[in-house]
Amino acid sequence: MQIEMKGIAKAFGSNKVLQGVNFDVKSGEVHALMGENGAGKSTLMNILTGLLQKDAGSILIDGKETSYSSALDAEHHGISFIHQEMNNFPQMSVVDNMFLNKEIKTKFGLMNQKEMKKQAKHYLEQLGSNINVDQLIGNLTVGNQQMIEIAKSLMTDAKFIIMDEPTAALTENETAILFKTIRELKSKGVGFIYISHRMEELWQICDRVTVMRDGVSVNTYSTTEVKEDRIVKDMVGRDIGDYYPARNPKFGPVALKAEHLTGAKFNDISFEVHEGEILGFSGLMGAGRTETMRALFGIDKLKSGKIILHGEEVKLSSPSESIKHGIGFLTEDRKTEGLVLDQSLEDNIALPSIDGFRKGGIIDKKAEDEFVDMLMKRLTVKAQSANVPARSLSGGNQQKVVLAKWVGSGSRVLILDEPTRGVDVGAKKEIYKLMNQLTDRNVAIIMVSSDLPEVLSMSDRIKVLYEGKEMGIIDAKGATQEQVMKLATGGK
Amino acid sequence: MMDKPKAKFDVTKYMALIALIILAIVITALNPQFIAPNNLMNLFRQTSVNALIAFGMTFVILTSGIDLSVGSILALTGAITASMILGGMPAWLAGLIGIALGAVLGAINGLFITWGKVTPFIATLATMTIWRGATYVFTGGNPITGGKMNTSFFFQFIGQGYLFGIPFPIIITLIAFAICYVLLHKTAFGRKTFALGGNEKAAFVAGVKTKKVLITIYTISGLLAALAGFILTSRLGSAQPDAGTSYEMDAIASTVIGGASLMGGKGRMSGTLVGALLIASLSNGMNLLGVNSFYQQIVKGVVILIAVMIDSQTQKNRD
């Protein structure tokens with residue numbers, strides 16, 4: 001089987017999102033779709049699966065012009081789309097999720113639980129998984145939830161599976177399992193369209209790659225014949241030089257020292273970060289990095305431990321307390337904890353500093369406008385104005401807005417949890433530069449990141465955690481991915 | 001892919017106002033008596049009690065909460081104030097104590113909701129029942145009236161007096177509106193209220209003391225309900241044990257008609273004022289037109305549904 005998309009065009013009002021995209025995928029092939037956020041990848045896939053209708057161009061399935069009326073229609077024809085944000089119901093069991101809307105009924109019209117369980121198990125076994133189908137899906141790891149999604153595609157007898165950033169939230173182990181599954185399905189003739197922001201995955205799992213930029217397909221390569229710099233260049237339309245800007249850190253005195261921090265999911269964690277330093281925190285998902293930072297910042301409870309800020313012990317029992325002490329925290333999930341999505345950039349940026357704009361009880365709007373304007377320029381936030389809702393920005397720009405919040409609140413210690421997650425290549429580089437600018441001005445940065453090249457390139461020292469315990473600290477200079485991974489997986 | 005937002009006149013913001021104007025024109029056309037100064041003054045005075053409660057409700061609804069206990073707070077504080085006046089306390093002091101008590105009752109709601117982690121609907125449903133019960137216990141089920149309530153100038157002035165020819169309740173309402181408007185739209189507290197309503201977690205991480213803000217908001221709601229109670233008691237010259245029953249519904253309706261979203265994060269004080277005027281105009285107009293009061297309820301319900309439907313439709317089109 002073969003899908004060919006030719007000259008696909010789509011516009012929303014005056015906004016031309018796709019302008020002549022060519023893309024094809026064959027059975028038994030993994031074809032990657034790369035491109036910055038906003039390049040049009042999702043729109044293209046939504047057109048293929050009938051969520052959106054194209055304005056021009058043609059979709060040929062085995063040479064025959066086809067157009068699906070809905071996602072369900074596409075599914076019936078063997079094309080299933082696994083979205084990045086999984087559409088499952090966390091409070092329902094695995095089997096109920098798998099058979100939602102496809103319930104098997106007894107002759108009395110009641111649900112046939114036994115048969116559904118049997119089939120659910122059967123499909124999961126095909127994937128080499130022995131997940132308990134009675135469990136609530138919300139209790140599963142992200143990796144296992146993804147497995148369920150794949151099993152659901154198998155249930156509809158999918159010939160092609162579209163995956164949108166499937167590894168974004170997976171641990172290394174889960175990624176390995178996912179890749180194994182993809183390879184097996186591939187050998188059985190299933191074709192994949194694989195959307196990813198992770199460059200290294202191209203060579204791990206993909207056969208071909210198509211790069212999109214600004215609504216056009218720029219080039220298609222076989223992954224055996226293309227190098228990373230070429231793809232990056234196609235994605236951004238120019239050479240972006242070295243991906244990671246060079247760091248020339250000058251350490252000042254210790255800004256923050258944590259002693260024996262212990263909480264629900266981490267035990268006896270100690271570290272110190274200097275002014276002007278980026279201290280990386282590496283580890284697998286569930287290693288306790290995020291939990292440590294949340295407790296340090298006062299979002300969650302710290303069971304015991306001491307925090308010494310600029311030489312003085314402090315108690316940080318709430319975020320407002322931490323902010324007063326000059327600490328900022330860019331959370332892992334900017335949509336649920338970083339931004340008030342429906343409110344303006346101005347409201348978002350000024351929020352942690354809002355008490356400072358009171359003049360006789362009233363907000364000094366002019367001072368606030370200037371403050372926000374200055375921060376948006378400094379952090380190169382690209383938006384029509386400070387009054388547009390945060391929701392309307394791309395991931396990279398949203399992240400800059402969150403950073404602007406914390407730069408504006410005068411953070412001397414900045415905790416960045418996955419600062420470039422879901423951020424496109426161009427914005428990533430800008431965020432790295434900002435981090436360098438901040439440390440040049442003696443801000444201390446703690447960076448939690450699951451992106452190994454990022455940790456190695458941007459940190460000065462790397463602290464590695466494993467299952468809530470500290471495994472060691474390494475000098476980033478000259479450190480290798482293998483070294484970090486060994487510690488992160490519990491090896492000494 | 002998003003459409004670029006444009007900074008142009010946004011008609012959806014003024015839906016309630018447009019509806020109010022159309023309604024006023026229609027009623028006037030059917031009965032010109034509607035815009036007679038006398039009737040308008042009367043209309044505004046009728047609006048004041050509901051408007052005061054609705055101002056507090058606006059803060060509450062902005063945080064995606066609800067306060068069902070306002071009617072009971074109104075009744076309990078009204079009864080206590082009335083009995084204190086009967087007992088010989090100066091009316092101004094009795095009024096102040098009643099209003100302060102309303103604030104305390106509101107704060108108790110806030111404590112249940114924040115520290116007790118009870119959802120606002122349940123917490124205020126429970127306190128609504130408790131305080132209504134307390135009112136019946138306190139009054140023995142009888143209205144409190146007569147005595148000094150008939151002779152105190154201050155007490156009578158609050159609900160029945162005129163200043164520069166304007167009924168005093170209207171003046172109180174306008175002052176309360178101005179204060180609430182500034183508080184919501186011009187202060188850091190208001191900004192935090194919006195942030196909390198839009199995304200409580202993000203507001204907390206950004207340093208907003210969410211519990212403190214929530215308790216303050218329910219305190220304001222209780223305080224305004226008690227103020228409304230004081231005015232109502234004065235206007236009627238008596239405190240009724242069943243006063244304020246179902247007033248929470250009119251307040252919620254006013255807020256929602258004014259464009260607030262029960263999901264929180266969206267709403268305006270001026271919208272609520274318009275919403276309250278719209279509801280009052282509807283009753284007033286139908287009375288003028290001689291519509292049976294049983295039918296009035298049906299019409300009111302339909303208007304609320306239409307208003308919210310139009311709002312959510314225009315909202316959807318914008319997304």
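Cβ coordinates are placed from backbone N, Cα and C, and glycine is handled just like the others.
As annotated by TrEMBL, transmembrane segment applies to B:12-31 (among others).
The feature transmembrane segment is assigned by TrEMBL to B:51-80 (among others).
Taken from TrEMBL, the feature transmembrane segment covers B:92-115 (among others).
Same-chain residues lying 6 or more positions outside the transmembrane segment (B:121-141) and placing a CB less than 8 Å from one of its CB atoms are 66-69, 71-73, 75-76, 79-80, 83, 105, 108-109, 112-113, 239, 241, 245, 248. Residues annotated as transmembrane segment in TrEMBL: B:121-141 (among others).
Listed as Cβ neighbours of the transmembrane segment (B:162-184) (distance under 8 Å, sequence separation of 6 or more from its ends, same chain) are residues 41, 44-45, 47-49, 51-52, 55-56, 58-59, 62, 190, 193, 220, 224, 227, 231, 235, 268-270, 273. TrEMBL lists B:162-184 (among others) with the feature transmembrane segment.
Sequence annotations record features per position, and here TrEMBL assigns transmembrane segment to B:213-232 (among others).
Below 8 angstroms of C-beta separation, residues 16-17, 19-20, 23-24, 27, 31, 33-34, 39, 42-44, 46-47, 50-51, 54-55, 57-58, 177, 250, 253-260, 295-296, 299-300, 303 of the same chain, each at least six residues beyond the ends of the transmembrane segment (B:271-288), sit close to that stretch. The annotation transmembrane segment is assigned in TrEMBL to B:271-288 (among others).
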* Structure fact -> Relative to the transmembrane segment (B:92-115), the stretch among B:12-31, B:51-80, B:213-232 with the most Cβ pairs under 8 Å is B:213-232
